[in-house]
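As recorded in TrEMBL, the features of this protein are as follows:
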- B:6-25: transmembrane segment (TRANSMEM)
- B:32-56: transmembrane segment (TRANSMEM)
- B:68-86: transmembrane segment (TRANSMEM)
- B:117-138: transmembrane segment (TRANSMEM)
- B:158-180: transmembrane segment (TRANSMEM)
- B:187-206: transmembrane segment (TRANSMEM)
- B:218-236: transmembrane segment (TRANSMEM)
Amino acid sequence: MNTSDSEEDSYNERSSLVQCESPTIPSYNQDHDMSLPQETDTKRRRPVSSGLDEPGPVERERASTPDGEEEELTLKYGAKHVIMLFIPVTLCMVVVVATIKSVSFYTEKTSQRLIYTPFEEDPNYVGQRLLYSLLNTMVMISVIVVMTIILVVLYKYRCYKFIHGWLILSSLMLLFWFSFMYLGEVFKTYNVAMDYPTLAMIIWNFGVVGMICIHWKGPLRLQQAYLIVISALMALIFIKYLPEWSAWVILGAISIYDLIAVLCPKGPLRMLVETAQERNEPIFPALIYSSAMVWMVGMADSSNPDSADERLRNEGGALAQEGVESEDDAAQGGRRRCSAEEDLEEDRGVKLGLGDFIFYSVLVGKAAATGGDWNTTLACFVAILIGLCLTLLLLAIFKKALPALPISITFGLVFYFSTDNLVRPFMDSLAAHQYYI
Amino acid sequence: MTVAVFFGCTFIAFGPAVALFLFTIARDPLRVIFLIAGAFFWLVSLLLSSLVWFITVQISNKNSAAQQRGLLIFGVVLSVLLQEAFRYGYYRLLKKANEGLLALSQEDTMPISMRQLAYVSGLGFGFMSGAFSVVNILSDSLGPGTVGIHGDSQHYFISSAFMTLAIILLHMFWGVVFFESCERQRWWALGAVVISHLVVSCLTFVNPHYQGSLVPTYIILSVMAAWAYLCAGGSLRNLKLCLTCKDKDFLLANHRPR
């Protein structure tokens with residue numbers, strides 16, 4: 001099966017930049033840094049989602065506080081942000097691992113490949129296999145680079161309609177076609193009899209609600225759930241169609257690319273971020289997972305029409321100070337907070353690009369797929385979480401957009417190979433004798 | 001090997017630990033992060049000890065079963081020592097980080113106390129250790145097979161589950177006692193923790209004679225539990241007050257106005 005253009009597009013978008021700020025959400029310096037890098041690989045961009053984006057909030061800046069308070073707030077809210085990212089990343093990985101372990105379709109090797117990895121790996125010749133995997137990686141990375149540059153150029157010349165169309169097409173494909181495939185395989189695995197009309201109804205509803213939630217408005221939790229599901233679907237596709245060795249080399253190469261693209265002054269991602277900041281626009285707000293816990297500081301001083309929308313998005317969010325999750329409390333909290341405006345900080349929550357979700361899940365999924373050893377999967381999982389934690393720590397220190405892939409993927413790869421080759425024989429011998437360490 | 005065995009053993013092995021996590025750690029993000037960091041440190045220690053073991057195995061005589069067993073025992077001892085070394089390393093790291101944060105923030109108190117960190121890091125070590133010991137066994141228990149068909153013990157799964165439970169709880173207690181003894185500079189207590197860990201691991205060498213390994217392990221577990229309780233500031237009086245619900249803090253916290 002050759003992938004269609006939409007898939008290619010969605011894949012490439014993933015590698016593209018992602019934006020830092022969404023206009024609706026007033027920027028909170030610390031947080032919007034935390035948000036981002038992960039921008040690097042976002043899957044999609046939400047067309048200037050519209051209804052929600054209002055020029056209003058942008059001018060609201062948080063009051064500057066003295067350093068000490070900033071640090072204290074950083075720690076308190078920093079930990080909360082880390083957990084707000086741990087949970088969705090964990091959920092995505094759990095979905096991928098559960099699918100890999102139960103549905104055999106995604107681990108069956110086929111001769112079909114993606115068009116971005118044209119060289120077929122032959123298990124018999126090691127040298128050739130290595131060479132082909134390197135070539136596959138180069139092809140894939142160059143495709144990504146080219147698409148990113150095209151995206152940056154489109155963005156610079158304000159071809160928004162084109163970009164939005166691209167995004168809508170790719171999310172359509174994911175939400176309808178890939179989920180149909182996924183459901184089909186799950187039904188086959190569990191031997192569930194299903195008729196087409198029911199299936200059509202399910203897929204239709206799933207897809208349409210997904211499109212609405214992702215590209216327009218919807219409850220925050222539902223939107224988050226959809227983003228996690230589509231990241232998992234995309235990761236599963238990669239796990240199935242990328243050849244063995246190529247997948248590992250691609251993971252390594254893409255984290256290096258991420259590092260370069262976000263940090264180098266002429267990097268495409270960085271240019272995209274800067275252009276968006278100059279224009280004071282949200283870059284592609286869709287396709288970034290946002291755990292927005294938005295407090296509207298200053299609700300009192302701006303009769304903002306979208307504050308109601310924000311409250312809608314808040315409804316799922318936990319309020320750090322109050323520590324309570326309920327709409328009533330949110331509303332009350334808002335009123336209470338308005339009175340103590342000076343002490344409060346706006347908390348924009350954290351954002352992580354969907355591409356990061358996808359590649360983390362690909363790594364853990366491949367660890368689960370090859371060998372069937374749960375220790376390796378667990379080790380990769382912990383390694384990725386620690387990498388994410390360190391990345392967020394760096395984000396809090398440096399306060400600028402950082403790539404989310406390098407540290408986590410490096411840890412993940414190191415732990416995968418070392419656990420698979422060193423720890424596994426050790427633990428197996430121990431388990432055979434029932435020795436405990 | 002049925003689903004019942006799988007669920008039973010999973011709940012035996014991880015029940016108390018997961019309950020502890022849900023009731024005391026899950027609500028506080030900072031504790032969750034330190035738990036995962038603790039798990040990571042344990043993992044790194046395991047990696048190093050596996051590396052050393054692997055190298056020794058490669059250069060040894062692979063055909064001699066006695067030599068392999070000897071190497072495995074050496075691997076176990078080395079792993080235990082490395083785990084404790086990494087626990088100490090984690091303690092130093094936490095101490096430095098805490099001091100740094102205290103200096104930076106204007107507050108007088110740290111957001112998380114050393115005792116909480118001891119508990120959380122011990123549990124982190126325990127989770128990872130337990131998971132690595134038992135998860136593969138649990139997943140095998142879901143599949144087909146007959147336990148002990150070649151004359152091995154029939155109680156493999158359940159004894160593994162109980163051993164894992166003991167190890168997880170022990171790691172938690174060791175963490176508490178370890179950190180406390182580092183804070184108070186009581187090096188004999190530190191040594192006692194390391195030695196008890198070694199004893200527990202070495203007891204498993206008599207498996208499958210489970211009465212020789214499980215029973216003493218649980219005795220050590222109760223001793224460590226009492227010791228950790230005392231280290232954490234508990235006393236018989238507190239315990240009595242708590243059990244009879246006359247504990248003032250508890251009453252104040254649950255005060256219901258009439």
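Every residue gets a Cβ built from N, Cα and C, even glycine.
TrEMBL entries are annotated by machine, without manual review.
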Tertiary contacts of the transmembrane segment (B:117-138), as residues 6+ beyond its ends and Cβ separation under 8 Å: 6, 9-10, 13-14, 17, 20-21, 24-25, 31, 34-43, 46, 83, 87, 90-91, 94, 98, 156-157, 160-161, 163-165, 167-176, 178-180, 232
Contact between the transmembrane segment (B:6-25) and the transmembrane segment (B:158-180) (at least 3 Cβ pairs under 8 Å, separation 6+): yes
Spatial neighbours of the transmembrane segment (B:158-180) far in sequence, C-beta under 8 Å, 6+ residues away: 5, 8-10, 12-17, 20, 38, 84, 87-88, 91, 114-115, 117-119, 121-123, 125-127, 129-130, 133-134, 137, 186, 189-190, 192-193, 196-197, 200, 204, 207-208, 210, 213-214, 217-218, 220-221, 224-225, 227-228, 231-232
Intrachain residues whose Cβ lies under 8 Å of the transmembrane segment (B:32-56), provided they are six or more past its termini: 21, 25-26, 71-72, 74-75, 78-79, 82-83, 85-87, 89-90, 94, 112, 117, 120-125, 127-129, 132, 175
